[in-house]
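Comments concern the structure below.
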Amino acid sequence: MTVQTSKNPQVDIAEDNAFFPSEYSLSQYTSPVSDLDGVDYPKPYRGKHKILVIAADERYLPTDNGKLFSTGNHPIETLLPLYHLHAAGFEFEVATISGLMTKFEYWAMPHKDEKVMPFFEQHKSLFRNPKKLADVVASLNADSEYAAIFVPGGHGALIGLPESQDVAAALQWAIKNDRFVISLCHGPAAFLALRHGDNPLNGYSICAFPDAADKQTPEIGYMPGHLTWYFGEELKKMGMNIINDDITGRVHKDRKVLTGDSPFAANALGKLAAQEMLAAYAG
């Protein structure tokens with residue numbers, strides 16, 4: 001007999017009217033083991049350049065019916081790219097807008113993954129004790145050691161990052177100083193921070209999570225309601241081209257902006273980023 005899993009969002013008792021994804025959606029879109037592979041970098045980078053991770057610091061995303069989606073950064077989208085980059089020789093630092101700890105979607109953590117989980121435990125303190133982004137931005141100059149800015153996905157990237165002047169300043173610095181910008185899924189929502197000023201990403205092409213898919217997720221209880229706005233629409237208004245309209249694990253390179261469409265792209269994006277950064281900094 002087939003056991004039917006519920007499509008009702010699960011209550012998050014830590015907050016009023018807040019919900020995790022349904023059992024059904026978790027059964028379809030999460031796994032206890034990731035698809036990490038291809039971590040093979042025989043000549044890793046040995047220098048001082050590193051990655052700046054701009055992480056989410058808020059968990060609760062309001063939906064159109066007033067219910068809150070319990071979110072944060074998606075663990076697969078965060079950890080798999082970083083695993084590849086770390087293996088390629090690039091250390092990383094974590095910053096949030098507030099300087100408060102990173103929020104993760106722990107319901108998507110690959111708890112039985114024998115490579116990813118030790119990596120997370122090894123670096124957990126960076127996520128628990130991040131830098132304040134404004135302090136990082138104040139120190140940026142042409143000689144700064146950050147080789148890339150990485151904005152992980154998860155719906156937590158929709159909260160605060162698109163309105164942050166510090167996010168805008170960090171992205172402007174990266175593009176103007178020929179650094180890499182890496183993101184996937186909902187992470188490119190952070191690019192919206194550029195829409196009210198100098199926008200060096202105008203005309204760039206990226207992969208991102210499709211708005212059409214976000215509009216379908218409440219049907220399976222992934223979110224407890226519909227989003228109140230859609231970041232893809234807004235990115236297009238600011239002159240960006242989203243090249244995918246579905247979720248296939250696709251990645252894309254436009255100059256030094258490297259993007260992926262979903263958690264299914266996390267491993268491939270990690271490979272792409274590691275290869276591109278090694279070519280740029282260890283060649």
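The backbone N, Cα and C atoms fix where each Cβ goes, glycine too.
Annotation comment: Swiss-Prot describes C185 as active site, nucleophile. The Zn(2+) binding site annotation in Swiss-Prot covers H86, E91, H123 and rests on sequence analysis.
Within the same chain, residues at least 6 positions away in sequence whose Cβ sits under 8 Å from that of C185 (active site, nucleophile) are H74, E77, G153, G154, A157, A208, F209, G260, D261, S262, P263, A265. Close to H123 (Zn(2+) binding site) in the fold, though at least 6 residues off in sequence, lie L82, F92, each with a CB less than 8 Å from its CB. DSSP assigns E91 (Zn(2+) binding site) to a strand.
In sequence order, I51, L82, L85, F90, F92, F119, Q122, L126 are the residues of the same chain, not among H86, E91, H123, whose CB sits within 8 A of the CB centroid for the Zn(2+) site. Fewest other C-beta atoms within 10 Å: among the binding-site residues H86, E91, that description fits E91.
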